[in-house]
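Data first, discussion second: the structure below is written as structure tokens.
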Amino acid sequence: MTEISILNDVQKIIVLDYGSQYNQLIARRIREFGVFSELKSHKITAQELREINPIGIVLSGGPNSVYADNAFGIDPEIFELGIPILGICYGMQLITHKLGGKVVPAGQAGNREYGQSTLHLRETSKLFSGTPQEQLVLMSHGDAVTEIPEGFHLVGDSNDCPYAAIENTEKNLYGIQFHPEVRHSVYGNDILQNFAISICGARGDWSMDNFIDMEIAKIRETVGDRKVLLGLSGGVDSSVVGVLLQKAIGDQLTCIFVDHGLLRKDEGDQVMGMLGGKFGLNIIRVDASKRFLDLLADVEDPEKKRKIIGNEFVYVFDDEASKLKGVDFLAQGTLYTDIIESGTETAQTIKSHHNVGGLPEDMQFELIEPLNTLFKDEVRALGIALGMPEEIVWRQPFPGPGLAIRVMGAITEEKLETVRESDAILREEIAKAGLDRDVWQYFTVNTGVRSVGVMGDGRTYDYTIAIRAITSIDGMTADFAQLPWDVLKKISTRIVNEVDHVNRIVYDITSKPPATVEWE
């Protein structure tokens, strides 16, 4: 059985990746309607799409001009498949350009648009059913369509864009110059839902139960009767992977819990108790803290930290695997967001991810990444569907490199202890305030900055701890959480009084973007 045959019974909409910073959100929004969706390379052929058998195709936006020497193209036979196609921004320009219309640099036409604009609908359309004649949308385009291809007609325009929405209903081709996938397009979700349900004919019946069945079948086909190693960190992602793999292959799974000395307070014992005890996973606990901390001594660059941890993690696995027989696979809790942040063919690398860019080329295992098409909120939903308790599913996200990337600069035991203890206080107080479900992620960071303070009658010169708390839906964008002042005050007071070598607390009020969630 191939992956394609496993997916044949699942309706799906494929998003072709042309490099937009928002393209992963298109798939995310479509999934909200109960329709499976994923990104594929713009280089995909019509024949490959026939084999995947999607009910719809979306051409994403992108930063390039259709006239650029390195412009991303499309197999022209895709337009002849008879499958509904929606072109967004660059996608609309590409449809126009390839089918005989005219696209010009927007500056030449005097109609460059960035930011919110008002869309004026001139005709009724299935794509805009149930939305008002005038609506706010997010425009972000350098080129613009000035002549549409034969068979197309105008659906909507804006003050600076003569063709903001076009369609050819006979061929099921649709184009919009704006981005419906972002919240700034007020009726964007309605538009995408109209495309998925009304135009593509989606049933809207895809769920985590479907995903579980699909992944279990894929895992069994991939693994066969061979054995899998999973690195457990104690975080949500690896825990969910562990339970999913256990359900798929049972005792063919061996979990290795590497205690690299960079864990949160009491985390090692909690991992063994929850997953080893309650779920019966076969877990080997390895104390490798000295190996990791020795390698990380005096290392300040965050990318070097990630690479060292990623490499050493695999070497520890090699050591343990050599004691076992017939282990061929390494499972990881890589998410969709991890892959995107590590860069794709069309997108710039933001930072290498510990589950993506830190692995050596001569790694001795094949990789299995069952969650690499899911966003964080979907992983939590998967955990619930697998019968996992909420205390595991809603556990705070924790990066593979652990506290190494929450200690700025060189790592010392003293700095690690300040983060462990301050983070435990933060989590305790957030829970006491009943905010643990409202705040998507929260943790502390040792900034590496020392400052002068006064404690008792004496002068201090100690570390500054930063609190990072964010709200988010899928981890792709985030806002800083507006925690109540009384809660922040209590957290600050407890940390400076209970944690040695800390005399100052600051609160990170930066959204993502421009910042990432983690400081390193």
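The backbone N, Cα and C atoms fix where each Cβ goes, and this holds for glycine too.
Annotated in Swiss-Prot:
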- 12-205: domain 'Glutamine amidotransferase type-1' (DOMAIN)
- Cys89: active site, nucleophile (ACT_SITE)
- His179: active site (ACT_SITE)
- Glu181: active site (ACT_SITE)
- 206-395: domain 'GMPS ATP-PPase' (DOMAIN)
- Ser233, Gly234, Gly235, Val236, Asp237, Ser238, Ser239: ATP binding site (BINDING)
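When secondary structure is read from DSSP and collapsed to three states, Gly234 (ATP binding site) falls in the coil class. Shown in sequence order, Gly333, Thr334, Leu335, Leu371, Val379, Pro397 are the residues of the chain, 6+ apart in sequence, with a C-beta less than 8 angstroms from the C-beta of Asp237 (ATP binding site).
Other than the site residues Ser233, Gly234, Gly235, Val236, Asp237, Ser238, Ser239, same-chain residues with C-beta atoms no more than 8 angstroms from the centre of those residues' C-beta atoms, the ATP site, are Leu232, Val240, Val241, Gly333, Arg395, Phe398. According to DSSP, Ser239 (ATP binding site) is assigned to a helical segment. Taking CA atoms as the reference points, His179 (active site) and the residue listed as 'active site, nucleophile' are 7 Å apart. When Cα-Cα distances from Glu181 (active site) are compared across the recorded positions Cys89, Ser233, Gly234, Val236, Ser238, the shortest belongs to Cys89. Across the structure, Ser238 (ATP binding site) and the residue listed as 'active site, nucleophile' place their CA atoms 37 angstrom apart.
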